[in-house]
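Just below is one structure, and these are the notes that go with it.
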Amino acid sequence: MSDGSAYQLQQFIPFSRDVYFRLLERIGESFWPLHVLTLLLGVLVLLLALRHKVRAGSILLAPLWAWVGYAFFIRHYAELNWAGNYIGYAFIAEAVMLLLIALSGKGLAKTAPDNRPAVIVGLILALTGLVGWPFIGLLSGDSWYQAEVFGIFADPTAIATLGLLLIMLRGWLLWLSAIIPLLWLVISSLTWWVLLNS
Amino acid sequence: MNNRLSRRQSLKLLAAAITAGLLPSLPVAAGPAAANPANNGMLQKKFGKAGKALPAIGMGTWRTFNVGSDPKLLDARTQVVKAFFEHGGGLIDSSPMYGSAPDVMGYALQKLGLPDSLFAAEKVWSPAGGSAREQVADLKQRWQLEHFNLMQVHNLTDWREHLAALRQMKADGKIGHIGITTSHGRRHKDLEQIMASEDIDFIQLTYNITHRAVEQRLLPLAQEKGIAVIANRPYDGGSLIKGLQRRNQPLPEWAAEECGSSNWADFLLKFIVSHPAITCAIPATSQVAHMQENMAAGSGVMPSASARQRMQRYIEAL
Ligand SMILES: NC(=O)c1ccc[n+]([C@@H]2O[C@H](COP(=O)([O-])OP(=O)(O)OC[C@H]3O[C@@H](n4cnc5c(N)ncnc54)[C@H](OP(=O)(O)O)[C@@H]3O)[C@@H](O)[C@H]2O)c1
């Protein structure tokens, strides 16, 4: 796709690059030092997933999605984009789904994680979301509170969650619960692409 | 900050990729309406039966004014609005679809005070936003205004219901004028029908030197029916002017004499507002310097009909 198509898609992105960066910075500033807690919770979910404590992992993950839906989307992102409220509700719906999966036990992996491709890809994605993503900010000169951290910002939350789901879930419920994180990542990638190319 | 941003931006991009001529030039005073020293020499264009006039350069707010509640950016945009009015600006166009832009305009107008020349133009859109009446009431609160000079149906959305409601509100003196908008060359046939059959004061459509389809039917019809025309996307969303500037494309040598232009903003905007059917162009900007350039295009020499053709040919040949 060319710069021309970035300008075409611009009609769906109602804010500019600098304003989006400022929004992310302000979200980071206003929630600091909650980042430390959400990141630790994320690491804990990964450890639980790897030790086959998948029900507990799923229960811990759910409130983080509800929190990002409310704090990131409804409270902040929706200021710039009327669709933000709907995306926030979708994140809260994902939280409810994770909770229902945990409570019903359906869709949870029956065997401990081994070295199947899904588990390995899951581990890589989880580490990318939990560790790699904040590092992008830190490498480019952000301070800790500005770095995009799991459980506060939508992108690392969605990436790490996809990985955690690959480790913790099986069958159609795995795919169903991956839809909302995947959709957000598509929207987010397109947003960044348009913002950086127009 | 810029260095950090650009580094960060490139990293983000990487990450995102992984995850997913016959007449001589006319001085302004000989145009459709005279320049007025009280308006910084800004070309005033007449519209409607009552013989009112609007400054030929207005401003848009899409993307550029959607800054949320960020205090730093709110103050920066207030300076842009200040420059707009200092240069004789009038029409400001916004929409409930533009995120926080109506609130940001409310903030700026509170800070600056309400200038006499303000011509506030808003829009109603899909039913998701409530009835036309509810939307207008909500927008008044957001702009912190008592009265909108113009209320438009955004992108022809539910236009029958919305126009009927707006017409009633105009009759009750709640809004000044009514209109309908489109952009990107969409639904021109429908717009033509509405212009022919409905009693509306304004239309808003995309018109710029690279998008001139409206010259065929819509602009002549507007002139015939006495409908004022707002030209949106004068820089084609920014790609036109930024493309020319990025390539360091020089202005043609004759631009100074025939259009009074010494920069691309002036050249592109003068092409638009020198069309006799156009009431005003509404470039959007987030920068004071760009606002100053844009507003300057409303004064000085305006291109003649032949100069306009020369301008077209020059751009087509690039
Ligand atoms: N359906 C509808 O009703 C509809 C649809 C489209 C647009 N509109 C209205 O029309 C307005 C204008 O259209 P638009 O905003 O899409 O596009 P536009 O005005 O053609 O272009 C805006 C872009 O041009 C840049 N720019 C402005 N002045 C400049 C200058 N002097 N030099 C260099 N760059 C300059 C701005 O960037 P900087 O911030 O860097 O200056 C901004 O990115 C909108 O804001 C909106 O109010 C209505």
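In case you wondered, yes, glycine gets a Cβ from its N, Cα and C as well.
Heads up, TrEMBL stuff is auto-annotated, nobody curated it.
For reference, TrEMBL has these:
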type	residues	note
TRANSMEM	A:31-50	transmembrane segment
TRANSMEM	A:57-74	transmembrane segment
TRANSMEM	A:86-105	transmembrane segment
TRANSMEM	A:117-137	transmembrane segment
TRANSMEM	A:149-167	transmembrane segment
TRANSMEM	A:174-195	transmembrane segment
>> Below 8 angstroms Cβ to Cβ, which residues of this chain, lying six or more residues outside the transmembrane segment (A:57-74), approach it?
In response: 27, 31, 38, 41-42, 44-46, 48-49, 84-85, 87-92, 94-96, 98-99, 101-102, 108, 150-154, 157, 161, 164, 168-169
>> Under 8 Å for C-beta pairs, could you tell me which stretch among A:31-50, A:117-137, A:174-195 has the largest tally with the transmembrane segment (A:86-105)?
In response: A:174-195
> Residues of the same chain, at least six outside the transmembrane segment (A:174-195), with any C-beta under 8 angstroms of its C-beta?
Replying inline: 1, 6, 9-10, 12-13, 16-17, 20, 87, 90-91, 93-94, 97-98, 101, 107, 154-155, 157-159, 161-162, 165-166
